[in-house]
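For reference, the structure discussed in these notes is given below.
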Amino acid sequence: MGGSAVQVINASEEHTFVLNEDALSEVLMRDEVKDRFVCVVSVAGAFRKGKSFLLDFFLRYMYSKYVHHDATDWLGGESDPLEGFSWRGGSERDTTGILMWSDIFLHDYPNGDKIAIILLDTQGAFDSQSTVRDCATVFALSTMLSSVQIYNLSQNIQEDDLQHLQLFTEYGRLALADTGKKPFQRLQFLVRDWSFPYEAEYGALGGDKILKRRLEVSDKQHPELQSLRRHISSCFTEVACFLMPHPGLNVATNPKFDGRLQDITPEFKSSLRSLVPMLLAPDNLVYKEISGQRVRARDLIQYFQSYMNIYKGNELPEPKSMLVATAEANHLTAVAAAKELYGQLMEEVCGGTRPYLSTAHLQTEHLRVKDKALFQFAAKRKMGGEEFTEKFRKQLEDDLEEVFTNYQAHNESKNIFKAARTPAVYFACAVIMYILSGIFGLVGLYTFANFCNLVMGVALLTLALWAYIRYSGELSDFGGKLDDFATLLWEKFMRPIYHGCMEKGIHHVATHATEMAVGGGAASYRSQTSVNASNGKVKRS
């Protein structure tokens with residue numbers, strides 16, 4: 001065996017994946033390979049479940065069949081150690097990223113078709129160092145790039161296995177353009193260590209029996225379970241299953257086990273003799289197709305690059321664990337309920353049928369209602385812990401402030417004085433200019449008088465245009481600019497003058513009233529003194 005495993009996609013400690021383009025091109029751009037159609041066989045699944053171990057038996061068959069052209073006894077000698085993709089016993093992961101076997105196996109069909117067979121090994125899912133995104137990315141990439149995706153499972157096809165498959169394949173489907181066709185080709189469930197041969201025999205027939213049971217859709221099922229099964233069927237053009245026995249205690253418990261057939265049970269070896277040709281014999285190879293078109297080896301490089309660019313960017317949503325997804329949905333429900341309560345209470349305060357409120361009063365009511373909404377959010381029982389909840393609480397506060405901004409604008413629209421400000425400003429400008437024009441005309445300053453007449457005309461035309469926009473609903477953007485300009489005139493010029501005049505007027509009235517009060521008091525005092533004096537004279541007489 002002269003080939004080796006080539007790391008074509010590297011996994012970094014920062015939970016990112018990098019394409020090794022040079023290594024990929026070196027394998028696929030060989031003269032004898034690049035123009036051939038490809039069959040890509042990939043094995044994916046949970047870590048430490050024997051994926052690389054299985055692939056090395058695939059390699060034995062490939063070298064026997066396609067290199068030495070003699071597959072009579074392809075399993076090899078009983079004492080030959082297993083070589084190929086790196087594997088070992090134990091509980092820690094061994095493979096990271098995606099590996100490709102450097103030897104590409106070639107086959108020419110009698111009809112002239114030429115095919116290149118590629119084997120991929122993938123990083124195991126659900127180890128202690130991989131995030132959900134890591135697992136989803138590796139599984140999705142291998143599914144998108146392969147024509148046969150082997151889903152390696154332990155002991156049974158369980159509901160959580162199907163849920164993970166749904167998540168990972170949907171993550172892959174999001175990255176592909178929707179062509180209206182099923183996005184992936186063959187999915188091969190491979191159930192390892194099957195312990196119930198009395199229910200379903202080892203091999204493809206027993207696997208089909210179990211697969212039919214697991215993927216069956218019935219009216220008695222919950223809609224969520226029905227949807228999951230329909231999703232899997234909609235993603236793959238072909239779905240099959242194969243049941244394999246346990247390879248034996250010597251394989252599982254011997255730390256020095258190196259893959260020798262003498263340590264493996266006869267049942268396992270018999271299953272290998274059925275499984276491997278079923279997938280890799282010339283008549284059973286599946287051409288890699290994308291959008292119904294067969295893919296050549298040189299084109300596969302472009303697909304590697306395109307798919308990696310998608311997963312390196314931010315175009316796809318972040319896949320989440322079931323706990324995080326449930327907790328997020330739980331919090332979003334609580335946020336929606338709190339926002340609904342805020343909206344109901346604010347409608348009672350300043351809704352469409354309520355009168356205008358002062359800014360201070362509206363702000364007070366907003367704070368009161370906001371506290372009620374936040375209290376309801378806090379009172380809801382939620383998953384995820386305090387830190388998770390705090391993120392959504394802050395988001396809720398921001399959302400409520402944004403909603404309050406809309407209520408403020410709606411409330412201001414009810415202010416009849418503010419609504420009348422624009423026409424009042426332009427009319428006042430016209431009146432002032434008319435008066436100034438008359439004054440300038442009387443003193444002979446006709447240039448200034450004409451200018452005032454011009455400004456008066458512009459103000460009246462603007463007023464007429466504003467009225468047309470207001471009641472016709474057309475040119476609303478320009479109408480908003482007229483309102484803004486009127487507000488500017490009021491705030492910068494007319495309001496200061498108005499306030500100055502009001503202050504002077506109030507000061508004058510207050511001064512006059514004080515003088516009147518003081519003058520009236522003195523007169524009253526003098527009158528009272530005079531009366532008292534008169535009374536005294538009367539008494540003395």
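Heads up, the Cβ atoms here are built off N, Cα and C, so glycines get one too.
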Among Thr122, Thr333, Thr487, Thr514, which is the one flagged in Swiss-Prot as phosphothreonine?
Thr514
Quick check on the annotations: Swiss-Prot lists region 'Linker' for one of 414-422, 468-476, 495-503. Which range is it?
414-422
Select one residue from Ser52, Thr514: among these recorded positions, choose the one with the most other Cβ atoms within 10 Å of its Cβ.
Ser52
From the DSSP assignment alone, can you count helix, strand and coil residues within the region '3HB (three-helix bundle) domain' (322-413)?
77 helix, 0 strand, 15 coil
List, in sequence order, those recorded positions among Arg192, Asp193, Val251, Thr514 whose Cα sits within 10 Å of the Cα of Asp121 (Mg(2+) binding site).
none
Coarse DSSP state, helix versus strand versus coil, of Lys51 (GDP binding site):
helix
Taking residues 6+ outside the transmembrane segment (449-469), which of them lie with a CB under 8 Å of any CB in it?
422-423, 426-427, 429-430, 433-434, 436-438, 440-441, 475-476, 478-479, 482-483
